[in-house]
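Undergrad: So TrEMBL has the following annotated:
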type     : residues : note
COMPBIAS : 196-217  : compositional bias 'Low complexity'
COMPBIAS : 218-236  : compositional bias 'Polar residues'
DOMAIN   : 62-179   : domain 'OmpA-like'
REGION   : 196-236  : region 'Disordered'
SIGNAL   : 1-26     : signal peptide
Amino acid sequence: MNAAPTSAKTSALLAALLALAGCAQPAPPVAAPVTDPYASTGSGAVFQGDLAGGVLGAQATTQYFQSAIGDTVRFPADQTTLTAEAREILARQAGWLSQHAGFTAVVQGHAEETGTREYNLALGARRASAVQEYLVAQGVAPDRIRTLSFGKERPAATCSDEGCYAQNRRVVTVVTEAAPAAPMVVSAAPQAGGAQTGITQTAAPQAIAPQSTAPQSNAPQSATPRMGTSPTGIGM
């Protein structure tokens, strides 16, 4: 008779306990997602190969200097003044030379075909000097640059119109990787007792010429009488 009410009370008690347990431990709040500013949203670029032979190595070449940096600047007729475009190219050249200290530069001045040979040689020299001065002002050491003038002897284009003349009024910067200095060959001079100290240079042996000996004559020598003695032994 009392089983049903007891079960109902037990169920109500369990429900109350579960409700109290739920109130005592609230669910933790959900944290907002954190965005990584350095995370890549795409596949990105993947470098394959040796780094030394990749992009960084390719920049330290004469081919890269010619194509990517630009090795030629041009001038108006009979002028040595650098244009805005020329200064922009030379600024890139100076930056490249500063980053690659193992290279030197030869600045070659050229002129168009009109005018005398002497005049164009002088004009090419002045144009080369203008480029050299600009590179030095941009921080390139003067001893890494030398100038050369070809005048009109080496045209980039050959024809008799302004289009060709404009191409020939130019200065070309030719970069070359400096060769390493040759090592000096030295030898260690031994001291008495077998110990070696200090570095000395070895001297090349000198050739000794043979000395010739003149043959002596076997002819009999005539006796020369001394003063005061006669051949017969009788005093004079």
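Yeah, the Cβs are placed from backbone N, Cα and C, and that goes for glycine too.
No curator has checked TrEMBL annotations; they are predicted automatically.
Just so it is clear, the model here is predicted, and its values are computed rather than measured.
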Undergrad: Check the domain 'OmpA-like' (62-179) for me and report the mean pLDDT.
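TA: Mean pLDDT across the domain 'OmpA-like' (62-179) comes out at 96.
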Undergrad: From the DSSP assignment alone, can you count helix, strand and coil residues within the domain 'OmpA-like' (62-179)?
TA: 56 helix, 26 strand, 36 coil
